[in-house]
């Protein structure tokens, strides 16, 4: 037995302690005299072994994290205890005692750890696109595959529509109808003229959202228009020009409150929606309109390219599947192997 592996008895005791800490009505233990009563809260941000927790009354507290808590990310709903005033006049840090079960968890692929959680209890991912620098349906489709795989509801938001003339607006409406026809919600907005912003605010109210999108599409402008003045300095991280899905940064994810209601988690990790860790079958399932045709191809190992009897190809030819989406599906599959990161070996470094 590995020295780090817990026995079944130890695992039961850890679980029992965790369940005990989830009870907010219990009184502080005698050896915890510097801590107050247990109460509910939400993690606003995580910094190494510390977390900022927002109490029910809206106040924020820096807390330590119990060593028995294996995973804690922004958005987690927790039971925590505030630190009391010490004799020297220095307030003791609070402590996160336990984590409630998550309704959802947003993860990103990690080269060494498989997948890494970056935010919890997300209700929707707002996929922000714009006509400038360019309207990329390929990037939208990549984010949609990620949303479907993570089982988080997407909302497509097209920004900067004030820059369109009548013909351009008609063309863009046609492109967005591709997504409306397969059941996705699409909003066309302008953070400058505020066109469409009221509908956008309504879609965000009562939900925890994350914004995703290429650099230059106006994510920061939208967030600054939605957040109160005290919180309107949202960090927008450098995004990869190759994939549009981002590069790793060390900036911590943080939860903010919208003026009209609802919350947003600003997280650099969301720019890392790489798809290289997914199997080709998962990419296929990520295209929702494909699902009715899967399993109906002539050959079980159909590549959905030029194979005879391909049900997907026939659906495209019949106008039941948009050709743009079908083409992007193949582009994503072709790019996956090229984009897949490779661990650096000792021989590579020499």
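Just so you know, glycine gets a Cβ as well, placed from its N, Cα and C.
Lifted from Swiss-Prot, the feature list:
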| type | residues | note |
| --- | --- | --- |
| REGION | 1-35 | region 'Disordered' |
| COMPBIAS | 1-17 | compositional bias 'Polar residues' |
| DOMAIN | 103-273 | domain 'CP-type G' |
| BINDING | 159, 160, 161, 162, 213, 214, 215, 216, 217, 218, 219, 220, 221 | GTP binding site |
| BINDING | 297, 302, 304, 310 | Zn(2+) binding site |
For the binding-site residues 159, 215, 221, the one whose C-beta sees the most other C-beta atoms within 10 angstroms: 159
Alpha-carbon spacing, residue 310 (Zn(2+) binding site) to residue 161 (GTP binding site), which is rounded to whole Å: 38
Zn(2+) site, defined by 297, 302, 304, 310: further same-chain residues with Cβ within 8 Å of the Cβ centre: 298, 299, 303, 305, 307, 309, 311, 312, 313
Secondary structure of residue 213 (GTP binding site) (DSSP, helix/strand/coil): coil
Nearest of the binding-site residues (297, 302, 304) to residue 161 (GTP binding site), judged by Cα-Cα distance: 304
Same-chain residues at least 6 apart in sequence whose Cβ lies under 8 Å from residue 217 (GTP binding site): 128, 129, 130, 133, 159, 160
Tertiary neighbours of residue 304 (Zn(2+) binding site) (same chain, Cβ under 8 Å, six or more apart): 284, 297, 310, 312, 313, 329, 330
Across the domain 'CP-type G' (103-273), average pLDDT on the 0 to 100 scale: 85
Residue pair residue 213 (GTP binding site), residue 302 (Zn(2+) binding site) - Cα distance, angstrom, rounded: 32
Pairwise Cα distance for residue 302 (Zn(2+) binding site)/residue 221 (GTP binding site) [Å, integer]: 45
Collapsed DSSP category at residue 161 (GTP binding site): helix
Extent of the GTP binding site in Å [max Cα distance among 159, 160, 161, 162, 213, 214, 215, 216, 217, 218, 219, 220, 221]: 19
